[in-house]
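Novice: So TrEMBL has the following annotated:
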DOMAIN    4-34  domain '4Fe-4S ferredoxin-type'
BINDING   13, 16, 19, 152  [4Fe-4S] cluster 1 binding site
BINDING   23, 133, 136, 148  [4Fe-4S] cluster 2 binding site
DOMAIN    63-96  domain '4Fe-4S ferredoxin-type'
BINDING   74, 77, 82, 116  [4Fe-4S] cluster 3 binding site
BINDING   86, 106, 109, 112  [4Fe-4S] cluster 4 binding site
DOMAIN    97-126  domain '4Fe-4S ferredoxin-type'
TRANSMEM  229-250  transmembrane segment
Ligand code: SF4
Ligand code: SF4
Ligand code: SF4
C-alpha cells in the first residue's frame, strides 16, 4: 500500500471536537471527566483513552481575540524518537508511514512517553502498555479514512496518498500566504518528516507546539551508533560500559523530558 498522509488545516477547524468523539467511538474508549482548561479546551492532555483532543490558545491583538485551535494526536514521525527509545523494540514503522506499538512486546517502561517531543504516548496503568493514536490503521488497511478525518465536517482533516495530499497542502498554504505570510506547513521537515502535517497560521509556539522538536542526542548515539557498533567494532566489555553510560543518559532524559512536557501542558492551560 502507498505511503499515506493526513493534512490538518487549522484555518478550517471550527473547534467542534467531533474528531475526538469519533476517535473514542471507533476505538471503543470510554468518556472521561472533562476540565475547564481554557474557555473551550476541555482536556489537558492525551490519556490512555483519549488519543486526540483539541487545544485552544487565545490570542489578543488590536483588542480582538482569536483562537488558535489544534487537533492533536501522534504525528507518526518518519524517524520517531519513541521507536529509538523503546527498550523492547515494540515500536515499528509501516510502509504506509504509521508508527505502531506491538502490545505483545511492550513492557510499559515509559521511555517512548518520555522521549516523544510532543508527549504523545501514555502508559495505561491497567494493562502496563503504552497507548497512542494508531492512525486508524485498521480502517486504512480496509480502504476507509481514519475516523477523525471521516467525521470532520469543515474538511479540516484530509487523508489520502502522500503525493496527492502533499500537493493539496502546498496549494492551500500558498493560497493563504497571499493574505497571511505567517501561514506555513508544520511537520514536513520535522522528525524525518511526519505523516500528520499541519497548516499553521502563526508560529508553532502560538499553538503550544515546540519550534524544533528533536530526538535526544543520547538516544541517537545509542540506537544509531553505539548499538550497531557494539557487536562489531568494540570489544564486549567496552561495549557494555559504553552502552551503560548511554542507557543512563537515556534514563536521565526520561525524568527531564517528562518534567518539560508536563510544564508545557501546564503552560497551555493558562
Ligand atoms: S472535527 Fe474538524 S473542525 Fe471539529 S475540532 Fe476536529 S478538526 Fe476541528
Ligand atoms: S509523535 Fe511521538 S509517539 Fe508519535 S511517532 Fe512521533 S515520537 Fe512517536
Ligand atoms: S487517526 Fe484514528 S486513532 Fe488517530 S486520532 Fe484519528 S481517529 Fe483517533
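Glycine is treated like the rest: Cβ placed from N, Cα and C.
For each feature listed, report its degree of burial, its nearest neighbours and the pertinent distances within the displayed model.
Specialist: Non-local neighbours of the domain '4Fe-4S ferredoxin-type' (4-34) in the same chain are 40, 42-43, 47, 49-54, 56, 67-71, 73, 96-98, 133-136, 139-140, 146-162, 165-166, 168-169, 172, 176, 183, 195-201, 207; each lies 6+ residues outside the stretch with a CB under 8 Å from one of its CB atoms.
Listed in sequence order, 54, 69, 70, 71, 152, 154, 156 are the same-chain residues six or more apart from residue 13 ([4Fe-4S] cluster 1 binding site) with CB atoms under 8 A from its CB.
Cβ contacts within 10 Å of residue 133 ([4Fe-4S] cluster 2 binding site), excluding its own Cβ and spanning all protein chains shown: 25.
Below 8 angstroms of C-beta separation, residues 1-4, 8, 10, 13-15, 19-20, 23, 40, 46, 51-57, 102-107, 109, 111-118, 120-121, 130, 132-133, 135, 137, 140, 148, 156-157, 187, 190-196, 198, 201-202, 206-209, 214-216, 219-220, 222-224, 250 of the same chain, each at least six residues beyond the ends of the domain '4Fe-4S ferredoxin-type' (63-96), sit close to that stretch.
Here the Cβ of residue 82 ([4Fe-4S] cluster 3 binding site) has 27 other Cβ atoms within 10 Å, regardless of which shown protein chain they belong to.
Taken residue by residue with DSSP, residue 106 ([4Fe-4S] cluster 4 binding site) is part of neither helix nor strand, so it is coil.
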Novice: To test your reading of the [4Fe-4S] cluster 4 site: which residues beyond 86, 106, 109, 112, same chain only, put their Cβ within 8 Å of the Cβ centroid of those residues?
Specialist: 82, 85, 87, 88, 90, 91, 101, 107, 108, 110, 111, 121, 130
Novice: So how many of the residues in the domain '4Fe-4S ferredoxin-type' (97-126) end up helix, strand or coil by DSSP?
Specialist: 5 helix, 6 strand, 19 coil
Novice: Quick one: which of the binding-site residues (13, 16, 106, 112, 133, 152) have their CB closer than 6 Å to ligand 1?
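Specialist: The qualifying binding-site residues are 13, 16, 152.
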Novice: Provide, as an integer number of angstrom, the distance between the C-alpha atoms of residue 112 ([4Fe-4S] cluster 4 binding site) and residue 148 ([4Fe-4S] cluster 2 binding site).
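Specialist: The separation of the Cα atoms works out to 24 Å.
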Novice: What are the non-local neighbours of residue 148 ([4Fe-4S] cluster 2 binding site), defined as same-chain residues 6+ apart in sequence with CB under 8 A from its CB?
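Specialist: In sequence order, 19, 20, 22, 23, 52, 71, 73, 136, 157 meet the Cβ cut-off.
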